[in-house]
Amino acid sequence: MDVFPSTTPDEAVRKSAKRTAELFGSEYLLVTPSVADGSIGLSYRKKAEYSDVKELPPALAEKQAKAAAAGRAKRPKIQPQTKPQADGSGASMSLVKRAAGPAAGGVGGEGQPKSLIQRPSATRQQRPDWHPPWKLMRVISGHLGWVRSLAVEPNNEWFASGAGDRTIKIWNLATGALRLTLTGHISTVRGLAVSPRHPYLFSCGEDKMVKCWDLETNKVIRHYHGHLSGVYTLALHPRLDLLVTGGRDGVARVWDMRTRSNIHVLSGHKGTVADLKCQEADPQIITGSLDATVRLWDLAAGKTMGVLTHHKKGVRNLAIHPREFTFASASTGSIKQWKCPEGDFMQNFEGHNAVINSLAVNEDNVLFSGGDNGSMCFWDWKTGYKFQSIDTMAQPGSLDAEAGIMSATFDRTGLRLITGEADKTIKVWKPDDEATPESHPVTWAPTLGRQRY
């Protein structure tokens, strides 16, 4: 009599299900390979949509074959190189393969590539030059509004300032004494420029007016009409009798200085043209706009040469180096340096977290940036090193919120910095004559790499 092992109903059901899975699961639980990898759909699309281009035309196929053959002919043969080991136990089984020929190790060791032990030259950083710190020299009062524009005369005898009180004032640069006040604008004066070849002073303002003042008679002799809104900036071409203006209507206009005719209308910006600069070589006009772009213009054709879109916020100011073929642009919390004429990016000036309203650079490679909160930073132009950071002081009787830098420029020698501020004063700064590299050392240490963007 056969004896069957006693099992519970649950165990019997579990064994039956397990046996069923062993018998049939291997066949029915697997996904068809063609369905899993989608080969059915791909083969259908190849046949239905790409059957006409399955084979290249004979001319194109022959051209590609020649190009592939030429590439194989130019490629050097790579052969594994082995050498006897030091203990004489046969050839080394090193996995390093080198091109046929003498080893490129140099004096650093036989067969040892120098690139593995030396830092690439691209990451080596130049040590910044020493610059003396700057200190306050003079405070000039007289305006009744924010000082929004400054311009220094070519002979370095006087400078002009334009402010929110709708006046233009001429000041003695050596003494700070007021020499003249020009009235004529009916709104804030936003831009000033002194001609190096004529006794002319040009001004623009939020009243849509662009005026030419004769400094021999102290009267307006020309008006330039065409802007549809406030004019925020202007610049003179260094060699040609051309005036360039830009404003809230988003265009830059090129004027013939003498005939008042509008030569070009440089349109392309989608926001206010906050600043523009002119230079002799291409690009002869550079504009910065609140649409966060910088545009380089071909003056002869009146067209855009390039657009720089690296900034994330509106570009409020530009500065061109007086000797080098480079310039800088400033937006909120960001200053970038560019190389002309294509506008190749060079470096960032990092560390000024403010709305930067003013930029200026002198021949000694000192870059100044002024913020709307009164912060002032001085940089080494070559390396982007910030060697001084100070805060301006609002004049007594002003609010702390009025300690803002609205405009700035160096004089012709580069030894005086003039700033126009929101406390209605003009401040003149100079380098500290008593500072030495020992008393104010350069606290700089190289980093492994430079952040480009």
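Just so it is clear, glycine is given a Cβ too, placed from its N, Cα and C backbone atoms.
Taken from Swiss-Prot, the feature region 'Disordered' covers 62-129 (among others).
Panel annotation: around the compositional bias 'Low complexity' (62-71), residues 56 of the same chain, lying at least six beyond its termini, place a Cβ under 8 Å from a Cβ of the stretch. The compositional bias 'Low complexity' annotation in Swiss-Prot covers 62-71.
Over the repeat 'WD 1' (142-181) the predicted model carries a mean pLDDT of 97. Under the heading repeat 'WD 1', Swiss-Prot lists 142-181.
Residues or ranges marked as repeat 'WD 2' in Swiss-Prot: 184-223.
If you look up Swiss-Prot, you'll see 226-265 marked as repeat 'WD 3'. For the repeat 'WD 3' (226-265), the list of distant contacts is 187, 190-193, 195-198, 200, 202-210, 212, 271-280, 284-285, 287, 289, 291, 297, 299, 302: same-chain residues at least six beyond its ends, Cβ to Cβ under 8 Å.
Residues or ranges marked as repeat 'WD 4' in Swiss-Prot: 268-309.
Residues or ranges marked as repeat 'WD 5' by Swiss-Prot: 311-350.
Away from its own ends, the repeat 'WD 6' (351-389) comes close to residues 125-131, 133-134, 316-324, 328-335, 337, 403-410, 414-415, 417, 419, 421-422, 442, 444 of its chain (Cβ-Cβ under 8 Å, at least six residues beyond either end). Positions annotated as repeat 'WD 6' by Swiss-Prot: 351-389.
Annotation source Swiss-Prot lists repeat 'WD 7' at 400-439. Note on the repeat 'WD 7' (400-439): residues 130-152, 154-156, 159, 161, 163, 171, 173, 176, 357-364, 366, 368, 370-376, 391-394 of its chain, located 6 or more positions outside it, place their CB under 8 angstroms from a CB of the stretch.
The region 'Disordered' annotation in Swiss-Prot covers 432-453 (among others).
A Cβ distance under 8 Å defines the sequence-distant neighbours of the repeat 'WD 4' (268-309), meaning residues of its chain 6+ beyond its ends; these are 232-239, 242, 244, 246-248, 250-252, 254, 315-320, 325, 327, 329, 331, 338, 340-343, 345. According to DSSP, the repeat 'WD 1' (142-181) comprises 0 helix, 22 strand, 18 coil. Secondary structure of the repeat 'WD 7' (400-439) per DSSP (helix as H, G, I; strand as E, B; remaining residues coil): 3 helix, 18 strand, 19 coil.
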